[in-house]
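Colleague: I am attaching a structure below and will ask some questions about it afterwards.
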C-alpha cells in the first residue's frame, strides 16, 4: 500500500476543521469567550479556529496519528464569532471544548489546556480570555471553597452585616511581638479580622512561627475582652507545598480560625491542596490575588479577573480580594458586581452589560466572600455597604492604622461607621444620597469616628478605570 492513502501531509487551514458555525453546544461542554485581535490579513474565522485548535487537539500540520483517534470527539470548536462594538479589528470568538479534554478536579489542567499555549500564537496580535462557562458535570468534580459564606457566619456568630478587616502595616519590618501587638489593638477596637500582607511569608526580621504564636495570643486576648470571635489571616504561602502545609498544620494546632494563601503566586495546585486541608480541619481560607494585574490588567490580552475568580471558587477559598469600586467609574462598578455575583451566588444569568458572557450554574458549590480592600476609609463606608451588601469583607489598612489616636480607636471608628450604615439601611434610608449625613450623625456619638472623619475628609483616588466593556 502507498503511504499516501487516507493521509495527506502538509499544512492546511485550521478553519476547515475547527470553525463550525452550526455546532450546537452541549450541556457538558466547557465554553470560552476569547477577545481576539488577529494580525493584519488573518480572517477572524481562521484566527478563531486557530485558537480552538491550539488549545485542544490541533497542531500546525496534519500528523498520521490523527487517524488513530476521533478528532470529532475531542476537538475544540469555534462555533461563533462576533465583532467587538467600538473596537477596530477585535472579535469575540466562542469556543466549545468537550469535557473529556480535562482532568477532573484540576483547575491547573483546565488552564494549561485552555490558556497554556495559544496566547503566544503568531497569527494573533493579542488574545484575552473574557469568560468561561463551567458545565455542571465539571463543577461537581471540585470541592470548592472549604466552608462558604453560611458556614463562616455560623463559625463566627456574626450575621446581618459585612465583616471588617485590616491589613497590618508597615507590611515588612515589624518584629513578631510588635506585629502581634498591632493585631491585638485592631481586634480589641472592634474589627472581626486582621490580615497578614500578601508578601509577609517568613523573612529574616520575622519568621512565620513567631508571628503565628504572637498573633494567636492577640486573638485570644481580644476575644476574651470583647466576647466576639476574632481572626487573623495567617499567611501560609511558602516556597514549597510541604512548607505551606506545615504552616497550615501549625495554625490548626494553635486553634486559630483562619489561614491565608496567595493563590496566583502560590499556584492552583498548592491552593487546592490547602483548600482540601482547610475543609478537613475546620480552617477558613482567605485568598489574596497578588499578581492578578499581570494577567488581567490589559484590555486586549491576558485573562479577565472574572475567569480567575471562577477558577478560585473551583479550587477553593472562603474570601477573595475583588477590588473596591468606590470612586471609580460606573462601568467598572457593573463589571465588578458581575464577578462578585459569580463568587457569591448559586446561579448567575448571562448579562453582557455586566461582562457575564455565559449563564453559570454552580449547583450549590459554596460561595466566596468578596473582599474590598485598598485605599478605603470611613467616608467610603455607606457606598461600600450599598455596593457589596452584607456578604462581604471590608478591609481598611491605612484607614484603620492611620487614625491619629492609634489602631484601636481606628478600629472603633470603622466599626461605628459600619454599624451606623447597616442600621440606616435597615431603617430604609438611602445610603447613596444620605451617606455623608449618616456618617456625620454617627460621629457625634463617637469621638473616634469624628477624628477619623476629620483626617480623611479630602482624600480621593480619582483615576479613570482601565476596565471598560
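Every residue gets a Cβ built from N, Cα and C, even glycine.
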Colleague: The substrate site in Swiss-Prot includes 117, 167, 171, 289, 321. Which of 56, 70, 373, 392 is also listed there?
Modeller: 373
Colleague: Nearest to residue 171 (substrate binding site) by Cα distance: which of the recorded positions 195, 197, 198, 288 is it?
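Modeller: The answer is 197.
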Colleague: Run through 169, 195, 288 for me and report the recorded positions whose CA is within 10 Å of the CA of residue 321 (substrate binding site), in sequence order.
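Modeller: Final answer, ordered: 288.
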Colleague: Given the recorded positions 167, 288, 289, which one's Cα is the least distant from that of residue 197 (Mg(2+) binding site)?
Modeller: 167
Colleague: Tell me, if you would, which residue among 195, 321 (recorded positions) has the fewest other CB atoms within 10 Å in the structure shown?
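Modeller: Output over recorded positions 195, 321: least Cβ neighbours within 10 Å is 321.
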Colleague: Near the Mg(2+) site, what residues other than 195, 197, 198 in the same chain have a C-beta no further than 8 Å from the centroid of the listed C-beta atoms?
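Modeller: Going along the sequence, the neighbours appear as 167, 168, 171, 196, 199, 200, 233, 235, 260, 288.
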Colleague: Which ones are near residue 198 (Mg(2+) binding site): of the recorded positions 117, 169, 373, which have a Cα within 10 Å?
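Modeller: So the list is empty; none.
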